[in-house]
Structure formats: structure tokens, C-alpha cells
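Below: the structure, in C-alpha cells.
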Amino acid sequence: MGISVKHISKSYDKVRALDDISFEVKPGELFGLIGPDGAGKTTLFRILTTLLIADKGEATVAGYDVVNDYKAIRNLVGYMPGRFSLYQDLTVEENLNFFATIFGTTIEENYDLIKDIYVQIEPFKNRRAGKLSGGMKQKLALSCALIHKPKVLFLDEPTTGVDPVSRKEFWEILKRLQQKDITILVSTPYMDEAALCDRIALMTGGQILQLSAPEAIIASFPKKIFKVRTAETYRLIQDLKVFTQTHSAYPFGEYMHFTSMESDFKAEDLIRYLKGKKHKNIEVLETEPTIEDSFMELSK
Amino acid sequence: MKRFIGFIKKEFYHIFRDKRSLFILFGMPIVQVMLFGFAITNEINNVDIAILDHSKDANTKQIIDKISASKYFSIKDFLDNERDIETAFKKGEIKAVLNFEKDFSKKLMTENQATVQILTDATDPNTANTISNYTSSILSSYQELLNKDISIPYQIGVQTRMFYNPELKSVFMFVPGVMTIILMLVSAMMTSISITREKELGTMEILLVSPLKPFQVIVGKVVPYILLSVINAIVIILLSIFVFSMPVEGNLFLLGAETILFIMNALSLGILISTVSASQQTAMMVSLMGLMLPVILLSGFIFPISSMPFPLQVISNIIPARWFIIILKGIMLKGVGLVYLWKETLILVGMTLFFIALSVKKYKIRLE
């Protein structure tokens, strides 16, 4: 019931959306595709959900070929597209009922699967879907994608445009669904969500940069990372860019993350340089790398 | 089957919650029938004319009385000389002038011939033509009255009778045409829009990744609009019977069945349009430009097909509306049955099947 992707390539006109992508998702795994907009995540989802045909390569979902057995796949996957794609003029309940009916089931039959999510939107069940908040919409869309008890669940950026609290809830729900033997492929541009997946593929420009468990990706980060802060952020960015020792420097929250070309680089070296540039309130601390650091390093 | 019913239920929700499409569905037909029936007509009624009478004798007076007694003309002005004619036309108050020559009665009695000149304002050629025909016929009936007692040798008596529409009411011509246009537009436009809307809003993506088969989606889209279009057709027929006293000589059931056939034809065209257009906007433009103009211009609704140039006559054959108008006129005005209309019916059936087959074939099971 897993997913297998072998040497998939897809181009639109001259743009190469996917370039020789291969990976496996094990049955029951929560697998994340992490990457910025334009990385090719949506194209990959559409190929796996049988909506597009790849130019090259082959893929199977739950053992079925995405081109030849598309009818079988359409029966057993749940798909939540990146854009909110429910009927805005139908109420919450009508939407859910509609999707249950076209998959030949009823809300009652699979209620236990969606119960956790649905209880949160049930108070609004007579509200039109178009009038829900962003988080509510996503919960409804997930309920609709789950209503027929799919074997494989495809979630294309389910948390984009959702507030942090709802995002956290959403991921808790996904974790619980995983317990019910559903294979989940999820994409997100938020690096902090990557740590919640079993395994992730870091994607950019239609290619996979690295594929591993999130912890392994962090552990394989090759350099020491320093977080840097001074009174003048803008001048700090300029100065770090021209520093001869700099390997990389990019903003990370209220800090700058800095790596050096030298392996035995010390915080004092940087403090000395910044003092020379007349910075005040200098703060340089060694810190743990994150998925985002790995991504920045890999996509350099 | 349950899937199918669920789908149809959803379509009805869409229709009844969208005030705009409801208005198009039910408002437009009534407004159009009323407009075409009342305002757009090539009959003339109470046209203002002026008289320039140089003789002012018994005969001219009788003619003028006859003209002012008819409901077609009302005499607005009496002119004194030729110079006033053009001034009157330029003011735009009158559409025609009757100019009786000097000594009208005397000439009529002594020379057996007197002349009256009809001058019309031909900025509107159709009206000008009709006015001159109507006045001529009033004059010739007066002439018959004069010759009542005299027998003229070698006379060819012309007897004209207008079958099926003895009073030449233009409503009889417009109602079948308008009904055709409305059914075509409403059915084709609404279905094509409703399918492209799913594409535009992204819901088509989810429908595709579901066990629904293409023909279930297509038929599910069509069924609600068949019902609504039938209601529309009934409204139009009732309006034409009770407001415009249009007769329905033939079988009502046949009329109903043929109407449903035409509705299906238009719906299948709508689906075909939706399979080739990506957005609601395009679907609407294609429906309007691609269907409305040919239906109005080439169906024989307004311009007779026999007087079109040959290439256009050939093209008019592929316009479903052309055949439906023949069927409508046949049933409503002539009262004929299927025996006379089987050919047109068969053509419509063939076209419908062709459109449906083509749409199912063109319906994309994927996104591209």
C-alpha cells in the first residue's frame, strides 16, 4: 500500500517541473515533500493521483500503475489539492455528504475515521464552506478526503495559509491517522513541519536534494552553525556577506545563521570581526542545525 | 445510482443558491418573449401620416376617411403645398404623405384615371415598404367599391389568402424563433458554465480523483437543466398562447417531446463547449457568439433561408435551430404531426447523439 516513484520527469513547455525523481514511500509511512513554491511538489501529486501523465518514468500507488490502473487508484486514494477545492456554495454537511455519496459510502459508516476532525467543525455544519476560516476549510477538506477510508492519502500543502495553532492540530490529526494504517504523502513549504514526518524529501527545482529521516538529515549537517545578532540587523547582513571567512549567512527568525569555511572557526573570531566593524550588542552563539539549515546548505 | 442522485442533488443546490443564474434561467425567457412579442415587430400600427389634398372633393374625402378609419394610420396633419412635404419629413413627425392631384374627382370621371402619390420616409425601408403596401391596398379596395356596378371586360381577379396566419401577425413568426433562441442559450450556456466552473474552482480535480465515470458527471450535469429548460419551454408556450393568442394546432405531446429533444440537443452542445473551454468566461463567450448569432441569423428565424447566398444556405443546415423552428411552426401553426416532421426530427436526434458522443470522447479524464 505504499508509493513507488521511478525516474519521473515532467516538463511544461520549457519549464522542467520534475527532473528524474525517484523515491519509495513505505506502507503506513508519513512522508513529507519539503520545498519552496515551484519545487514541483504539486506536479508530483498530480502525477501520483493520476491527474497528469509524466513525460518519463513510472510510478505506482498501492501497487497500481498511475497510468494504466488509474481507475483503481481513484477508488482508493484520498486527495486534498493545494487550493481549497470544495463547493463553496454548499454547507459543511452537504459537502461531506456529497463526497461520501460519490464514493458510495455514508458519513455514518466511516464516522470513526473523521470523528476527531469533524467534531471541531460540526458546530458549523450548516455554514457554507466558502464562509469558513482557513483552518476550518482545511479540516473540512481533510474530512472530505478521508470520508471513504482511503488507503493512501495525498495532502498538497494542507497547512498553507493556516494559523499556527490550527497547523499544530492538523499535524496531530495526521499522526493519529497514521495509526489507522493510512499511508500519507504530505507536502509543505514550512520547514518546521518536516520534523513531524517519518521521512522527508527536500525538493527544489524539480529535484530531490536529500531524502532521509528528519533527524538523519539534521545529523548529517556538515558544519558548525552560529546564530548571530547585533543592534543593526541590516548592516550585519551586509558585513557578514563581505566577511572573508563566510561560507553562508542568511536570516533565521531574529538571528542570522552563519557558517564558516574553516572547520575550527570559533565564535570569538566572528565577534572580533564584528567589533572591528563597530557593531554594538554583539551576540554570537553556537546552535543546533535545523531542517531549514540543511535545506539552505543543500540548495546553495 | 445513488452516486448519480447525489450528484444531481448537488447540482440543484448550485442552481438555486446562485441568484444570478436563476435570473438568467427564468427571468431572461419572460423578458425576451415579451420584448420580441410586443416591441420588435414589423407590423405597423397608428403610423402618423399627412395629407396633401389639391382637389378636396367627394372622392378624396372618401379615401381620406377610409384611411383614417383604418387602425394602421392616423392622420396627423393636412399640408397646403409641396414645399411643406419635406419640412414635415425632416421634423420626423410623419412617416408618409398622400398627395392627391388637382381635380381628382373630375379626372376620375372624365378620364377614368386619377393619381394619388404616396411619399414615404424610407430611412426605415421596412416600414416604408409596409406603409406603401397598406395604403395601396386601401386604395385598391376603394377602387373596387367604385367599380362595383360596372363590369370590366378581361379582368383577372386575384384572391389572396394567407394560410396558417391569416392576419399576418408577426408574433406567429417570432414566438417559435424566440423559443428556439432561449432554449438554445439557456441550455447550452448554463451547462457549459456549470462544468467550466468546476474546472475553474478546482473541484473538477477532486471529481476526477473519484470513482465517478465521465458519463455520470456529464449526465448528472444535464438532468437538472433538462427539467429547468422544460419549465422554461412551458412558460414560453403558455405566454404565447395566453398573451399573444398563438394557436397550438397540433398535438401538445408531440410539441413537448420535440421540445425536450431540442433541449437535449442544446445541452449536449453546451457540454461540448465546456470540454473545449477552460474558464467560465470563455464558455460564456463561445456560447453567446457561437450559438446566438447563428441561431438568429442563419436559422431562418428572421431572414428567409431561401434568399440567402448558397454557401450560407449550406451552413444553415448544420444549425439545429433551423430544424427546430420548422418543427415548431409545423406543430403550432399548421397542426401537422410526425408524418410531416420525421425528417427534421431525425436530423435533431442525429445531431444530439453526435454531440453527446463527441463530448464523452472529448471529456478529459485527466487535467491536461
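The backbone N, Cα and C atoms fix where each Cβ goes, and this holds for glycine too.
Listed features, source TrEMBL:
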- B:139-366: domain 'ABC transmembrane type-2' (DOMAIN)
- B:21-40: transmembrane segment (TRANSMEM)
- B:171-195: transmembrane segment (TRANSMEM)
- B:222-246: transmembrane segment (TRANSMEM)
- B:252-273: transmembrane segment (TRANSMEM)
- B:285-304: transmembrane segment (TRANSMEM)
- B:340-360: transmembrane segment (TRANSMEM)
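Among residues of the same chain six or more beyond the transmembrane segment (B:222-246), those with a C-beta under 8 A of the stretch's C-beta atoms are 8, 11-12, 15, 25-26, 29-30, 33-34, 37, 169, 171-172, 175, 178-179, 182-183, 186-187, 190-191, 194, 255-256, 259-260, 263-264, 266-268, 270-271, 332. For the transmembrane segment (B:171-195), same-chain residues at least 6 beyond its ends with a Cβ under 8 Å from one of its own Cβ atoms are 11, 14, 21, 24-25, 28-29, 32-33, 36-37, 40-41, 164-165, 221-222, 225, 228-229, 232-233, 236-237, 240, 244, 246, 259, 262-263, 266-267, 269-271, 273-275, 277, 280, 283-284, 286-288, 291-292, 295-296, 299, 301-302, 320-321, 324-325, 328-329, 332-333. With Cβ pairs under 8 Å as the measure, the transmembrane segment (B:285-304) is packed most heavily against B:252-273, out of B:21-40, B:252-273, B:340-360.
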